[in-house]
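These features come from Swiss-Prot:
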SIGNAL    1-19  signal peptide
DOMAIN    131-236  domain 'Fibronectin type-III 1'
DOMAIN    240-330  domain 'Fibronectin type-III 2'
DOMAIN    334-430  domain 'Fibronectin type-III 3'
DOMAIN    431-524  domain 'Fibronectin type-III 4'
DOMAIN    527-624  domain 'Fibronectin type-III 5'
Amino acid sequence: MREQFSVLVISLLFSSSYGQVGQMGPPPGQSGQPWTLAEFDAIDTHLKNIQMYARSLQDIVYQERMKQYPFMPNSTAGQPNMGYSTFANDVINRLTKIEFETGELVTQYPLCPSGGTGGNPYPVIPPNAPPPQNVMIQSETIGNSSSVIVSWDRPNVVGTDVRLDDLQYKVYFAPLDEYGQQTAEAIVFSICSVNQTVASITDLYPRSFYKVSVGTVICSTSESSSGAKSLKTPDIIPSEPTNLRVDGTKPNAIALRWDLPLLMGTLANYTIYVTSENGTGFEVAVDPTQVNAILYDLIEGTRYVISVSAFSDNGESPKSSSIEVMTDVFVPDMPRFFQVIFVNTTSVHLVWEPPNPGAGMIRYYSINYTDSLYSQFFNFKTPNAKITTAIITGLQPATTYYFRAFAHTGRRAGAGSAVIMQDTDITVPTVPRELYAQKAKNDPPRARLQWLPPAKTYGSLKNYSIHWGVKNGATRKEEIEPGLLEWYSDFLDDNTEHEFKLYAQNEKGYGPAATVTHRTPKRDTVVPPNVKVDRKKGKNNETVLVVSWNPITQPGKQVSGFRILYRKFEWVYTGRWSLKEIPDPNARSATIGVENSNYSFIVVVRGYRNPRPNMQVNPPWPGR
């Protein structure tokens, strides 16, 4: 501040002297003659005297200003009559000496004559120089003192023959109030040469308002100023809050209190730093008017390390000394009224009510469950404590399960509820396994089916049901005892693909079918001609079918006997064929006793030949 004030005084004296320069002749060095050593010594003497008087004047004015003009920091405001009686005389005396020395210096070397002839650099007074460009202001506060750095770009001097060495800059500075009104007269804070485009203003109040502008000067008679820029100096960075302490603890909360920082301006907020014993941390912002806070949503029975810092608009203070606090221990009670409200084959819907209120927070609930064989144990968790219902899925039908509910804090589980035993609903059996079909008899063709029971019967099986017939044709249905794992078909058509579908049934119903196909071989059959069937009454008044046929006359069609297949005629095919075998190749008729005399019957007669000794009628079961 002192150096800038001396520059201000010198600038003012230069300005008062330059008005007389136009009446003087050319300076040394501009009349065609080089300067002598004596001329250099004379100028040097004047400069030393100016500096000496300026420093003396600066000390006097600075001391007085500290008493009377306290808009700068580090000063003590006083009454206007606090100056000593000879202050004005001392200032005038030194100003007179400075003005004399300056006038002598300008007489020997005028910087910028106002006009004339005979080698003067400016035949006329130069026009106003343009103002500096891109004026920028930055402010910072360190400790309890603020500073402002002003920077600018050199103006574009175009269209005039101006020596840039004659260019100077003036930095103007004035205090403002918070509403932007100027509270004191602007002063020239710094005078800079043409190559100096940065100036600093120091020893300012933090969080104070100022106005700064920069002017361009040529020959001290021509000046253009930039637009004024307003700024607020940053606040001081506060010291750390003191005496951080605990007011109280609960399972999920800690009450804190602290004292104000010893060094502070206007605070923006406090920040509380919290780190738990497992290393996780979080921060809490607190209003600057408060010196206490309550930390919520903590984990019970957990140690926390806590510190606090203060913020101004200029940054954060150091953190306070940390303290270690442990929240209270809390174990919740058991959930109440735990019950099942819905069940189906694979899921159970459970509900409950929260435990009796305690001192701590419940975070979530869990359901532990297993089947009656304790083969596997499972756990279901609710997302939060607001949910007091659970739908347990993926269960097995017709199975007994045990369920138990627990309330959880952030650290531990409470007491378990009463255990609930619940059976899931029964469902139909799964598909019979490893269904296999093979030839059981070749003439007439029959199939033999074998299988294994379903993997899941869900109770006892009532029976099996097989649906079979020519593929994509009419089907027949038969029931099979639940203890049997084998079944023989009725006589089948030659050279035809048959389809068999096997279902298992429990008390719930039929499950899905296992399917297998079997194709009968193509055979060369012998059918006797002119087959006839008559219905008659026998000796005991029973109904008999008299079947007759003519002899087989085709060459090479010798038979060993005849087989007669017969069954009652039905629109819906339900019954099986009956077989009567006549081992006489010369037979021409046969009598068959039947029931249900009111039904019509279907009769098929075929000749057969006995197999040769090397023929296998029933090949062995594959893999057996």
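Glycine too: its Cβ is placed from the backbone N, Cα and C atoms.
For the domain 'Fibronectin type-III 2' (240-330), DSSP puts the residue distribution at 0 helix, 50 strand, 41 coil. Assigned with DSSP, the residues of the domain 'Fibronectin type-III 4' (431-524) fall into helix, strand and coil as follows: 0 helix, 52 strand, 42 coil. Secondary structure counts, DSSP: the domain 'Fibronectin type-III 5' (527-624) has 0 helix, 39 strand, 59 coil. Helix, strand and coil residue tallies for the domain 'Fibronectin type-III 1' (131-236), in that order: 3 helix, 62 strand, 41 coil [DSSP]. The residues of the domain 'Fibronectin type-III 3' (334-430), classed with DSSP into helix (H, G, I), strand (E, B) and coil, number 0 helix, 45 strand, 52 coil. Averaged over the domain 'Fibronectin type-III 5' (527-624), the predicted model reaches a pLDDT of 82.
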